[in-house]
Amino acid sequence: MNSCIIVLRLLLSGPFVFAPAWSYNLDVRHVQNFSFPLAGRHFGYRVLQVGNGVVVGAPSEGNSMGNLYQCQPETGDCLPVTLSSNYTSKYLGMTLATDPTSDNLLACDPGLSRTCDQNIYLSGLCYLIHENLRGPVLQGHPGYQECIKGNVDLVFLFDGSMSLQQDEFEKIVDFMKDVMKKLSNSSYQFAAVQFSTYFRTEFTFLDYIRQKDPDALLAGVKHMRLLTNTFGAINYVAKEVFRPDLGARPDATKVLIIITDGEATDEHNIDAAKDIIRYIIGIGKNFKTKESQEALHQFASKPVEEFVKILDTFEKLKDLFTELQKKIYVIEGTSKQDLTSFNMELSSSGISADLSEGHGVVGAVGAKDWAGGFLDLKADLKSSTFVGNEPLTVESRAGYLGYTVTWLPSRGTMSLLATGAPRYQHVGRVLLFQQPKRGGPWSQIQEIDGIQIGSYFGGELCGVDVDRDGETELLLIAAPLYYGEQRGGRVFIYQKIQLEFQMVSELQGETGYPLGRFGAAIAALTDINGDELTDVAVGAPLEEQGAVYIFNGQQGGLSPRPSQRIEGTQMFSGIQWFGRSIHGVKDLGGDGLADVAVGAEGQVIVLSSRPVVDIITSVSFSPAEIPVHEVECSYSTSNQKKEGVNLTVCFQVKSLISTFQGHLVANLTYTLQLDGHRTRSRGLFPGGKHKLIGNTAVTPVKSCFVFWFHFPICIQDLISPINVSLSYSLWEEEGTPRDPRALDRDIPPILKPSPHLETKEIPFEKNCGEDKNCEADLKLAFSDMRSKILRLTPSASLSVRLTLRNTAEDAYWVQVTLSFPQGLSFRKVEILKPHSHVPVGCEELPEEAVVHSRALSCNVSSPIFGEDSMVDIQVMFNTLQKGSWGDFIELQANVSCNNEDSSLLEDNSATTSIPVMYPINVLTKDQENSTLYISFTPKSPKIHHVKHIYQVRIQPSNYDNMPPLEALVRVPRVHSEGLITHKWSIQMEPPVNCSPRNLESPSDEAESCSFGTEFRCPIDFRQEILVQVNGMVELRGTIKASSMLSLCSSLAISFNSSKHFHLYGRNASMAQVVMKVDLVYEKEMLYLYVLSGIGGLLLLFLIFIALYKVGFFKRNLKEKMEANVDASSEIPGEDAGQPELEKECKDPGCLEPLQKTDEDGSGGD
């Protein structure tokens, strides 16, 4: 079991920045490392800064011995620390602690083992060493357990004084019988002596050998009832009972159990019993005071807390054997009947340690069945007091209390100690104890439990006095095996609030290292950054090859984010377990800067802190104001030389670490920028640059530099000053590792983590006359608004025009506010020519800023609207379809500026009203099935029924105030002299009553369509209406000549046009049907047909006579055709040549007429 505890401890800190390390403020470029190859890979397991050097612990590996090594930064060498001891120390260096008040060193080996009757006892070996490592060395064995296995000769020395009642006396006898019976089969021998004024041996070892029956041996015991001569009784037992002739064994362990109810009535010494293990049991009411209890200590073996037991009643004697059973072994975790558990046999005392003001404590994780506890060491290390769980419960078993211990300094009267039990109930626990500083019993005051199983909560503890006032404000509790959010390990911060520590926050490492062991080492550093607050370092040895985080102190606690993360590989390749141990409270280099020692596998790295500095800067201008004439547009046409402004910048470095003694030089990179917050700068350095970058070396002596800048022409913003910003940072060259012996060499400083920026402003001159006070007079009016009407079409827009004048001096930050109704939506604003160069920008104010309306805020000619200036502003709006409108909309405008007197505000406002017209969306058309043509003939019917059908579609309106609609239907006029007459009626769906009205006759009777009657029909807002015009057309005379007439009807939708308009124009709500009437005149045609037939026959006869005369009917066409067939049937021979052309044309029917013609014309060949 001893190996398990120590190996676990090694693993927790063994193989155990935010990207690569930030540079604040440990120097990772110039480091020093120490190693001692023969010490093995555990060299660096523990590091402590002692005196002017570093003490390194190197527990053993394999069968080698552990040791301490002293490393001197001045020489770079490490040498073993010589300790005179008769003990082999395998794990020496596993535990180191230093006293911050005296610098003494406490070094412990928790694995000191020895054999006791074939069993292994495990306790500690500790050394208290002077800070120079050469002075006297005190040696102690905390938790050392006497070996009482093997042969044991045990004597009961029991009180027989008169203060004992008979029943109490009998209970003592029963207790002795019970012990003897339970140990009857062991290697124990017993004897018993009653003491009072005199001493009487009740039975000897020889008697017990002969007769092992306790009842028989103690049957004759009689109560003596006299005084209590304890000193004499002890000497009597040593001389007269432990005698070989009375059965005592020479090789047996001598044990004396003293049972008494009062203080001794005699005085003497007990030197004769110094080789006897003495237990004393005080029973009864006589031991209530501290003095009476301490009186028993002189009779007991050391440590007295292990060998003195106080019982308030005699009834508790019967349960006391359970404690005696602790001297009989049982394997951890088992429970065998009649066997006992461990007490201090496997205490591993010294697995942790702390030292403060000469008061040392060491952890004893194996005590009390590995419930654990700690030992309060006396100054000489020879004795100690065990403190553990009170009361000792089953739950605390195997909790490893004492795995870590740390003092929590306090200015009060009580000493405060925290100790961890990382295996308590698998989640871990930390207990806080207190003790009066003048000495006295320990008392447990607080329990803090972990939350995650297996996290090893309490595996590392650290008290932090943030403001260094002697009072511990923070308790840091590590859980290096905690897992969450891909982070391995966590440190919980508990703050002392009144009398208890309460959790306030936590620290954690970088993501991506679930096994990083963040918190395996925690160290409260001295102030390394010059803010006079304690800083903290946290090790994570398994984040890659190891990392160390630096958390700076802040008022009331620690910064939640690290100021620096240092990876071991930044300094040395191949490094392992960097951050397994940390200590940083001293200046090892003699330069006034704190150094931090960090343990790794087989080596120790010493990191030097860098001097933290602040740069004192100053910026001034000459002249103090920018001349306005240099930025006016007219200045560009002149040949005047630009005067510009001289800018003076001064630097001075100041160290924030008062102890720093080196030469201070800061290599500074600075940047000067003009109007850096603007896209276009109003100031320019030579070469047209708005930014200058430079380098300089800064010392504590003030140094200044002068720069010149000028201005571009036509600057519009002449109100706000030009911003001049100075930013700076430090730069350093890559260098070789700094030799700590070269104290006169400059140490590169580092800037404190604050904004390294200074901003100054240089204003413009004000052109406001001699009094330098500009007074403006603004006037605002709407213009060109008489013909404005807002027609609410779907894409309706509205433009309003404002005229703004300034009749006095320059106006600063002119702002026009325009209120408009909810139904309008701002689209854009523009300046009308010839003032288009004047800038204007508008934005709509939040709706909560205005009530029942909306508003625009427009900046005009920002920031200056010059004297005697005028500008026309056109603002354009879109309309919202679902807006609420009245008959008019009202717009209100107001103008203001920063420098107009209140008596001149009368003409700063303007109001206008614009009529609103609402759309009517009505579409009408005639139907295809209307009658478009009729005809009258003498033989046709005299009456025709006709119909004209119209369809009316009315689209729903988005507005509520719709007017009444009328359908106006007009029908044709009846001409009194015409051949036809007609009658008309109106039919509508849905039905309505229409009222007819005669129309006046048109002046032009020849008009194609003439209307005589108009029907007025009220209609509702329905989606569709059908209108049918029915007519009867009658022929009332005789048709004497053919003619064509047109009869027309029309439909129009009418409404009040003063507030409404046709959305798609008036024509869209009108339709007309034109019907043609054909009058056909018919004559008698029979005689014409007869004469035409006779003429046709006569013409045919004349044609026949002509054909006969020319011989058409006399040709022998048939014979010619047959001859031609015969000729074509002949087959020519193979050698027949090409046919002759003359032979091809022998057809008489074809050629005869031509030949005849030739003969007639030429007379032949």
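Glycine residues also receive a Cβ, built from the backbone N, Cα and C atoms like all the rest.
Since this is a predicted model, take the numbers as computed values, not measurements.
What Swiss-Prot lists as disulfide bond is Cys71-Cys78 (among others). Secondary structure at Cys78 (disulfide bond), taken from DSSP and collapsed to helix, strand or coil, is strand.
The repeat 'FG-GAP 2' annotation in Swiss-Prot covers 81-138.
According to Swiss-Prot, the disulfide bond annotation covers Cys108-Cys126 (among others), on the basis of similarity to another entry. With a cut-off of 8 Å between CB atoms and residues at least 6 apart in sequence, the same chain places Leu92, Met94, Thr95, Leu96, Gly124, Leu125, Cys126, Tyr127, Pro142, Ser349, Gly350, Ile351, Ala353, Val362 near Cys108 (disulfide bond), listed in sequence order.
According to Swiss-Prot, the feature repeat 'FG-GAP 7' maps to 564-624.
If you look up Swiss-Prot, you'll see Cys650-Cys704 (among others) marked as disulfide bond, on the strength of similarity to another entry. Listed in sequence order, Thr617, Ser618, Val619, Lys702, Ser703, Cys704, Phe705 are the same-chain residues six or more apart from Cys650 (disulfide bond) with CB atoms under 8 A from its CB.
Annotation source Swiss-Prot lists disulfide bond at Cys768-Cys774 (among others). Classification of Cys768 (disulfide bond) by DSSP places it in coil, neither helical nor stranded.
Among the features that Swiss-Prot reports, disulfide bond is placed at Cys842-Cys858 (among others). Using a 10 Å radius centred on the Cβ of Cys858 (disulfide bond) and all shown protein chains, the other Cβ atoms total 21.
Spatially close to Cys1009 (disulfide bond) yet at least six residues away along the chain are Pro972, Ser1046, Leu1047, Cys1048, Gln1072, Val1074, judged by Cβ distances under 8 angstroms. Under the heading disulfide bond, Swiss-Prot lists Cys994-Cys1009 (among others).
The disulfide bond annotation in Swiss-Prot covers Cys1017-Cys1048 (among others). Cβ contacts within 10 Å of Cys1048 (disulfide bond), excluding its own Cβ and spanning all protein chains shown: 18.
The region 'Disordered' feature in Swiss-Prot is assigned to 1123-1165.
Residues or ranges marked as compositional bias 'Basic and acidic residues' in Swiss-Prot: 1140-1159.
Counting only the Cα atoms, the space from Cys768 (disulfide bond) to Cys994 (disulfide bond) is about 78 angstrom. In this structure, the CA atom of Cys774 (disulfide bond) is 77 Å away from the CA atom of Cys71 (disulfide bond). Across the range of the repeat 'FG-GAP 7' (564-624), the DSSP-based residue counts are 3 helix, 35 strand, 23 coil. Here Cys842 (disulfide bond) is compared against the disulfide-bonded residues Cys71, Cys78, Cys994, Cys1017, and the shortest C-alpha distance is to Cys1017. Ranked by Cβ neighbours within 10 A across all protein chains shown, the disulfide-bonded residues Cys78, Cys126, Cys704, Cys768, Cys774 are led by Cys126. When the Cα atoms are compared, Cys71 (disulfide bond) and Cys994 (disulfide bond) turn out to be 121 Å apart.
Note: the CA-CA distance between Cys1017 (disulfide bond) and Cys994 (disulfide bond) rounds to 4 Å. Put simply, Cys994 (disulfide bond) is 123 Å from Cys78 (disulfide bond) when counted between their Cα atoms.
Its Cβ placed at the centre, Cys994 (disulfide bond) has 20 other Cβ atoms within 10 Å. You'll find the Cα of Cys858 (disulfide bond) roughly 57 Å from the Cα of Cys994 (disulfide bond).
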